[in-house]
Amino acid sequence: MRVLGIDPGIAIVGYSILDYDNNKIKCLEYGCITTSSKSALPDRLSFIYQEMNKIIDEFQPDDCAFEELFFNKNVKTAITVSQARGVEILSCINKDLRLYEYTPLQIKQAVVGYGRADKRQVQETVKTILKFNEIPKPDDAADAVAVALCHIFGSKFKYLNEMK
């Protein structure tokens, strides 16, 4: 199984590609799609869509796992990021990927074993599991790796949150 992990965003979209085969997990790539706040929103969304398509075409994942969005206060930011997330989902749908989403609590529970783990604990665990020399940077990429790991660990136990 090949998983595309996504940490949704408009300025920075974290992504990762993990392979899971014979109980072995291998990270093929992780990184970020970045857009400039100086660019018009339609241009930013178009760029994200194009870059997502390139990643999907290159790596041919089976599943796509998203971190569920959570916003506290800023409605304008929530709307803009939600629009970007819609574009990210659309690129996966157009490539016939199965879509799943996980809450931050589920991701922390799956990766660290504790749903209230802090960001640093999650990053250190990701580094250990995948035998990285250092924590993936930036944080958005590390989050995307954690999302993909959550999906892989969930698949072992048939604990998959298929997007409705």
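Note that Cβ sites are derived from N, Cα and C of the backbone, with glycine treated the same way.
Positions annotated as Mg(2+) 1 binding site by Swiss-Prot, on the basis of sequence analysis: Asp7, Asp140. Reduced to three states, the DSSP call for Asp140 (Mg(2+) 1 binding site) is helix. Packing around Asp140 (Mg(2+) 1 binding site) is summarised by its Cβ count: 23 other Cβ atoms lie within 10 angstroms of its Cβ, all protein chains included.
The feature active site is assigned by Swiss-Prot to Asp7 (among others), with sequence analysis given as support. In the three-state DSSP scheme, Asp7 (Mg(2+) 1 binding site) falls into the strand class.
Look at Swiss-Prot and you will find Glu67 tagged as Mg(2+) 2 binding site, backed by sequence analysis. Taking all protein chains in view, 24 other C-beta atoms sit within 10 angstroms of the C-beta of Glu67 (Mg(2+) 2 binding site).
Summarising the annotation, Swiss-Prot assigns active site to Glu67 (among others). Under the three-state DSSP scheme, Glu67 (Mg(2+) 2 binding site) falls in the strand class.
Taken from Swiss-Prot, the feature active site applies to Asp140 (among others).
Rounded to a whole number, the C-alpha distance linking Glu67 (Mg(2+) 2 binding site) with Asp7 (Mg(2+) 1 binding site) is 6 angstrom. Same-chain residues at least 6 positions away in sequence with a Cβ under 8 Å from that of Asp7 (Mg(2+) 1 binding site) are, in sequence order, Val13, Gly14, Tyr15, Glu67, Asp140, Ala141, Asp143, Ala144, Val147.
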